[in-house]
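A short write-up of the structure that comes next.
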Amino acid sequence: MNPSNGKGPISMASSSASWRVGDGVSDQFPAGLRVLVVDDDPTCLRILEKMLRTCLYEVTKCNRAETALSLLRGNKNGFDIVISDVHMPDMDGFKLLEYIGLEMDLPVIMMSADDGKNVVMKGVTHGACDYLIKPVRIEALKNIWQHVVRKRKNEWKDFEQSGSVEEDRQQKQSDEADYSSSANEGNWKNSKKRKDDEEESEERDDSSTLKKPRVVWSVELHQQFVAAVNQLGIDKAVPKKILELMNVPGLTRENVASHLQKYRLYLRRLSGVSQHPNNLNGSFMNPQEAAFGQLSSLNGLDLQALAAAGQLPAHSLATLQAAGLGRSTPKSSIHMPLVDQRNVFSFENPKLRLGEGQQQHMPSNKQMGLLHGIPTTMEPKQLANLQHTAQSIGNINMQINSQGGQSSQNNSLLMQMAQSQSRGQILGETAGGHVPRLPSTIGQPILTPDIGPNVSARNGIPENIRSTGYNPVSQTSSLLNFPMTPTSELSVNSYPLGNTSGVSSLPSKGSFQQDINSDIKGSVGFMPSFDIFNDLHQHKSQNWELENVGMTFDASRHSNSAQGSLDLAQSVLAHQGFSSGQMTGQNRNAAAIGSTMFSSNNGTEHGNAQNVGPHLNALLIDNQIRVKTETFHDSNPANIFPEHFGQEDLMSALLKQQEGIASAEHEFDFDGYSMDNISV
Amino acid sequence: MERNQQRRQLAVMRQSLFDQEYLDEQFIQLEELQDDANPNFVEEVVTLYYRDSARLIQSIEQALEKKPLDFSKLDGYMHQFKGSSSSIGAKKVKAESTLFREYCRVGNGEGCIRTFQQLKKEYTTLKKKLEAYFQLARQVGPAETACRPK
């Protein structure tokens with residue numbers, strides 16, 4: 001692929017997907033990079049615009065974050081990179097960063113006159129791919145294209161890891177690249193062309209598309225997917241058939257395959273939640289811990305996959321966590337959904353336990369409030385995304401959140417659930433930055449049809465949330481869901497991590513109603529929806545570990561800044577589903593998530609929570625390490641190496657994983673999270 | 001000739017702005033951005049700056065009159081103001097902004113008020129100087145500016 005010589009070489013945008021780092025990049029390569037710059041200061045905006053134009057980039061400027069978001073949403077593939085100011089009147093730059101990360105998976109550069117370490121750290125934890133100090137010099141802008149390439153490269157890698165045919169892909173890539181270059185008359189700015197290319201590649205065999213057109217697994221799409229899977233039977237559900245059943249134009253077998261992978265992981269996770277006592281107390285993440293790195297890695301769920309792709313997952317995780325954490329309501333309802341889901345998926349899991357626990361907690365979960373706590377006002381879309389992945393879980397979380405803080409545990413559960421769900425999705429989707437989707441899914445009825453009757457209830461919940469605009473909650477939910485798997489097998493471990501931290505950051509306490517700043521300490525009461533679930537399920541939830549976590553979480557929540565917690569949560573979440581490797585980043589997130597979850601579980605005594613709890617605690621304590629261990633706890637090692645799941649039967653995959661994991665981590669004795677084993 | 005004299009005058013004026021530290025390196029960045037497509041880019045940006053920052057100055061002034069002083073709000077305004085000022089290279093103004101923020105951080109109202117007065121002075125002085133500079137620059141014609149003084 002190369003950029004055509006002479007004229008505008010392959011537009012970064014279009015060819016970025018196919019750009020192979022390392023390939024000879026023509027000098028003109030970055031030219032035409034489509035940049036969106038957001039800053040409320042007109043002077044800076046004008047200067048930046050001029051500087052970027054001088055770098056031969058294609059610039060679009062806007063002075064409001066809302067405008068930027070609508071521009072981005074209106075044209076998902078219209079930009080390659082976003083540069084945003086931190087302090088803006090209508091929306092905090094970090095919030096915008098999260099949204100973008102979740103929904104569009106674009107690299108985002110933050111800038112500010114503030115060069116304080118905290119702010120810069122915040123940028124890192126929210127997933128910014130760079131941070132520029134004002135006044136910005138043109139030299140600093142000349143190299144921003146590297147972020148785009150890097151992200152694409154990572155996505156590609158992720159994509160590959162998810163089991164796609166690499167060769168084909170590569171082949172396709174080059175084809176695509178060539179195609180782009182030749183087709184483009186040097187006008188790489190021609191995003192339309194790029195789109196065409198993308199479409200073509202999409203239509204091609206599944207193994208292609210380096211570009212990875214972002215497939216947004218909306219709630220509806222996911223529901224269709226789940227319906228197809230159920231129709232086929234989880235063990236007979238192969239991407240090809242699922243694709244046929246779904247009959248969605250433009251969806252490739254690969255998209256489905258990766259989504260399926262995530263989904264399976266999610267299911268595994270759900271069924272594999274082990275009961276671990278909540279040790280999370282106090283160990284909840286320190287928001288600072290969350291600062292490990294990209295939250296992205298935390299996405300135990302899919303975020304990880306996404307995270308690998310770029311910062312996206314991180315953001316998503318954060319958001320998710322925030323969402324989940326913020327609202328942790330003790331409702332155990334979250335559990336319920338999980339349980340239901342699990343059942344649906346023919347899991348015989350102990351999840352029921354969770355469900356039960358949840359029921360207890362559903363005190364007055366306000367469903368709506370799920371997102372309340374979440375500091376990040378994720379828009380419904382984001383929630384919807386979350387929901388996709390987290391589906392039922394997300395709902396739970398959401399509900400929990402609305403509750404207001406007590407159900408931190410619930411939240412965590414939800415989060416776990418959400419996470420697992422999202423994870424599943426994410427895993428499948430690595431490429432598309434599904435992470436972002438997570439949050440949005442939350443908005444949507446998280447309950448996937450699979451969940452069964454309970455699910456329906458849950459679904460209702462998310463809607464509530466959406467209305468409140470708690471996107472963030474959903475996000476967390478998804479994250480949380482992850483670890484939530486009610487089944488004892490899944491060690492919620494990973495999840496706790498995320499939750500705790502996440503929770504803290506999330507103003508889960510019911511106060512999230514508005515866009516709360518990330519400072520909102522995650523209200524633990526995420527689980528507003530638990531009530532609903534409780535009703536649905538008559539499960540008695542044991543004390544979820546999460547509960548413990550939740551408790552701790554609350555405490556931790558307050559202490560951290562949203563960010564920190566999110567990170568943790570994310571990491572937690574991430575770990576859950578993701579291989580240990582990813583754990584590091586995930587740990588943080590997971591921890592955050594875990595913490596939130598825990599808080600949400602406070603009220604509920606769900607068995608799952610328990611699982612979560614300990615995990616979370618563990619996570620919090622040592623995000624990285626724990627996360628790893630935690631994840632491995634999950635009964636099914638499969639979770640750990642999501643990417644290798646292919647279309648195998650869930651069980652067989654599980655077995656394999658176990659084997660694989662066993663080798664990797666020899667000790668699954670969860671109680672001892674021995675980190676050493678985790679060979680990520 | 002008149003033109004040459006003016007050119008020299010312009011160069012001297014410009015140099016003194018840097019020497020007296022009214023302007024810093026960032027201003028040169030702006031000058032370098034000026035080209036045939038945007039021949040008055042620097043003036044355009046500076047005008048934009050003065051127009052936008054006048055609003056901020058006013059907000060700060062009003063906030064300084066409230067009792068008790070809301071330091072975080074003041075800091076917020078000043079942060080914005082500082083960002084703007086630094087982007088055009090207004091060195092002294094930026095220094096005063098930093099000082100002001102420091103006073104806000106420690107809650108020193110007196111210090112804030114004092115610093116703000118100084119800041120306004122620098123702000124106005126720079127404005128006048130730049131106005132004179134641009135006026136001359138316009139007379140001299142394009143391609144006279146943007147040369148690194150040092």
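Cβ atoms here come from the backbone N, Cα and C positions, even for glycine.
Per TrEMBL, the features are as follows:
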DOMAIN    B:38-133  domain 'HPt'
MOD_RES   B:HIS79  phosphohistidine
Cβ neighbour count (within 10 Å, all chains shown) around the residue listed as 'phosphohistidine': 19
Simplified DSSP label at B:HIS79 (phosphohistidine) comes out helix
Residue counts (helix, strand, coil, in that order) that DSSP gives for the domain 'HPt' (B:38-133): 84 helix, 1 strand, 11 coil
Return the average pLDDT for the domain 'HPt' (B:38-133) as a whole number. 93
